[in-house]
């Protein structure tokens with residue numbers, strides 16, 4: 001296979017990042033090649049097939065490590081850890097920090113999209129690289145990469161994250177009479193590789209945003225980000241004493257407002273009575 005200068009440079013850089021020398025470099029080249037780079041070409045190789053395989057291998061590696069690390073967790077807790085760790089947001093962030101954004105081979109249709117359209121590509125490339133390592137060096141090579149780059153994020157706290165961030169956010173905000181809504185605010189990337197951006201709203205107030213490969217995932221990520229920033233948006237999630245103080249202050253303000261309305265009503269009634277007396281006199 002004759003490689004372009006760009007392919008050679010990115011292939012070399014990718015192997016530096018992975019700290020692994022491939023026997024079959026075409027596997028790695030496929031793993032870092034965006035589908036747009038194969039448009040109009042007779043040979044179709046990109047990360048799509050490898051991503052399919054890598055998704056299953058990655059899930060198995062993460063599940064096995066979580067199973068052996070957290071002996072007291074039930075199936076639900078282990079599932080939440082796995083889901084959080086292999087989510088699109090998690091994988092794309094890890095891939096970005098590794099420098100994968102600089103080694104993806106894009107086609108001309110993707111030129112100029114910058115990092116806005118990278119979210120799903122980074123996630124896909126991470127999974128494809130796991131598959132490429134597995135095919136080239138066996139499960140050991142794939143597991144070493146995952147343990148070095150992704151597993152350090154694994155924590156017991158992930159087991160306590162809500163399985164449905166949207167439901168958790170709604171329950172939390174409705175304690176204060178707020179009902180969250182969601183809007184699709186942006187769509188990034190070409191039709192074959194969409195990334196959606198959703199934002200949570202409380203009335204007209206825009207809260208956190210989230211991205212995902214589907215509208216549902218984008219809304220879920222937006223809800224999750226909002227949950228993490230409740231104190232910033234509303235002062236929620238603080239200690240009970242502070243919440244009680246806020247509730248008492250709100251109650252007092254409401255009572256003062258009601259008293260003011262009653263006083264104003266009494267004043268107007270008195271003025272009408274005086275006016276009537278003057279007219280009769």
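Backbone N, Cα and C define each Cβ position, glycine as well.
Residues 124, 127 are recorded by TrEMBL as Mg(2+) binders, and the candidate that the same record lists for that site, out of 39, 51, 186, 217, is 51.
Each of the active-site residues 55, 127 was assessed for Cβ neighbours inside 10 Å, and the highest tally belongs to 127. Residue pair residue 55 (active site) / residue 127 (active site) shows a Cα separation of 6 Å. In the three-state DSSP assignment, the secondary structure recorded for residue 55 (active site) is helix.
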